[in-house]
Each structure stands twice: as C-alpha cells, then as structure tokens.
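If you check Swiss-Prot, you get these features:
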BINDING   ASN27, LEU29, GLY54, GLU75, ASP100, ASN125  S-adenosyl-L-methionine binding site
Amino acid sequence: MRIADYSVTKAVLERHGFTFKKSFGQNFLTDTNILQKIVDTAEIDDQVNVIEIGPGIGALTEFLAERAAQVMTFEIDHRLVPILADTLRDFDNVTVVNEDILKVDLAQHIQNFKNPDLPIKVVANLPYYITTPILMHLIESGIPFSEFVVMMQKEVADRISAQPNTKAYGSLSIAVQYYMTAKVAFIVPRTVFVPAPNVDSAILKMVRRPEPAVAVEDENFFFKVSKASFTHRRKTLWNNLTGYFGKTEEVKDKLTKALDQAGLSPSVRGEALSLAEFAGLADALKGQGL
C-alpha cells in the first residue's frame with residue numbers, strides 16, 4: 001500500500017486528526033499512477049538530489065525517496081511535520097524542513113545534502129495560491145537547479161509555456177523562458193485530489209538553459225519592459241510603453257527611435273513579440289536613455 005492510496009491517506013488524516021487549511025492551499029494527491037509518472041518525467045535516480053515543496057503527508061515524497069540520492073522537503077504547516085515523521089519513517093534519505101520556502105536560506109540548506117555536488121532537481125505539487133512567487137524565487141535564486149518538474153494549475157502552466165501570438169503568452173512566459181525551456185508534460189484531473197480543487201492541474205517540465213535564451217544589456221530592465229508591454233493586453237506596444245515611460249515629447253521621440261532601431265511597429269501588441277524581439281527592444285530603449 002502507498003501513502004497516496006485513498007484508504008491510506010484517509011486513515012493517516014483520521015489518525016492524526018488533521019483538518020485542511022484553505023490558507024495553505026492543501027490538496028493531497030491520491031493517484032499512484034500519476035505520482036509514478038511525475039517521478040518518471042523528472043528522471044529521478046540515485047545520482048540526483050531533490051528539493052520538494054509542500055509534501056503534504058508525503059505521497060510524492062515516498063516515490064522520490066525510493067529513487068533519489070536524497071530528498072529535502074519544505075513544509076510550512078507545522079502540523080504536518082509529525083505526520084511526515086510517521087509516513088516516511090522507513091526512509092533515511094529524507095529531510096523535512098518546517099520553513100517557508102520563500103524565506104529560507106536555501107543555499108545554506110543545500111550544503112546539508114550528503115553530496116551537495118550532485119545535480120539538484122525541484123519536484124513538487126506546488127500550492128496554487130503561491131505558485132508563481134515560488135517558481136520565480138527558485139529560478140532567480142542563483143542556485144543551479146538542473147530542472148523543475150512541478151504540478152500547478154493548468155492555466156498557469158499554459159501561461160508559462162506559451163508561445164508568442166497566443167492568448168496565454170505574457171510577461172510570465174518571458175520571465176521563465178528566459179532562463180528555462182518549459183513544456184506541459186501531462187494534465188492531471190481535479191478528481192484525483194483530496195479535497196478536489198476547482199480546476200485541473202498540469203505537470204510542467206522546465207529545464208535550465210546553459211545560458212539565458214537571449215543576451216541583454218540589463219536583465220532587470222528587460223523584464224520591466226516586457227512586463228510593461230503587457231499592462232493592457234488589448235493596447236498597442238506604443239500605448240503600453242508611453243503609459244510606463246511617460247508621454248512627454250522627449251519620451252515619445254526616444255520611443256520612436258528605439259522602436260525603429262528594434263524594427264518594430266508602434267501598433268504591434270506585446271503578445272506578438274518573441275524573446276529576441278523583446279531583448280532588441282529593451283536594449284534599444286536603454287540605448288535611448290529610457
């Protein structure tokens with residue numbers, strides 16, 4: 001029997017008198033086939049260390065621990081720590097850290113792996129309410145995670161993996177794809193969770209690029225420009241950029257020159273631009289002193 005078997009999950013929750021906290025976005029997966037697929041998608045073996053976020057009662061952790069060198073799992077809810085000590089008692093390669101992943105010194109914790117030089121993968125069923133902040137925090141941490149295989153709301157997975165000229169494409173697509181390739185591996189129906197969420201989920205596989213997707217003079221400025229370009233999706237690039245940089249004649253003159261230099265029409269919308277085009281635009285705007 002597995003932790004994720006419905007009868008086992010139910011028994012564990014009852015034995016510990018556990019009640020779900022909506023504020024933590026707790027939805028526990030009760031489908032062993034899907035858990036197996038997640039671990040297979042992540043290609044976990046004994047030459048990999050794993051960071052997990054939000055283990056719940058350890059359903060995914062169990063599958064990871066059977067194959068990984070070590071698993072370090074971060075759980076914000078202190079009530080789950082004794083439950084995890086119970087459900088994962090047979091594993092000596094799992095460390096449970098009762099801290100908020102957004103506040104923890106992750107680089108310091110990683111040094112506690114027995115072999116910290118092994119590749120580190122992030123495999124997790126992320127809390128829906130805080131998926132994007134967690135992802136961006138990890139991606140921008142400077143820690144060289146080799147890949148992420150993470151479950152999230154399908155809509156968010158679609159946005160992250162979206163290509164130009166699609167409805168889902170936006171500043172989040174650019175922010176992630178600058179650092180990583182992103183592809184939806186498979187869909188997870190809402191019916192396999194306790195309690196069932198209101199939406200379907202997706203497993204997103206993201207692999208770190210050896211170098212960022214495009215070369216830019218100023219990364220922070222590049223992200224600001226891409227974000228500003230999607231402020232109002234139905235507005236043109238010109239309208240969004242004047243809304244961000246200002247509408248003085250001097251600014252308009254600089255914008256005109258930058259757009260011309262980048263080979264872009266003022267009437268185009270942000271959703272039509274590729275990462276390379278945003279890079280060219282950001283560098284041209286920077287060159288104009290904006």
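Just so you know, glycine gets a Cβ as well, placed from its N, Cα and C.
Quick caveat, the model's predicted, so the values are computed rather than measured.
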Rounded to a whole number, what is the top Cα to Cα distance in Å among the residues the record ties to S-adenosyl-L-methionine, namely ASN27, LEU29, GLY54, GLU75, ASP100, ASN125?
21
Which one, from the binding-site residues ASN27, ASN125, has the smallest tally of other C-beta atoms lying within 10 Å of its C-beta?
ASN27
Including all protein chains shown, what's the count of other C-beta atoms within 10 A of the C-beta of GLU75 (S-adenosyl-L-methionine binding site)?
25
Quick tally, other C-beta within 10 angstroms, LEU29, GLY54, ASP100; top of the binding-site residues is GLY54
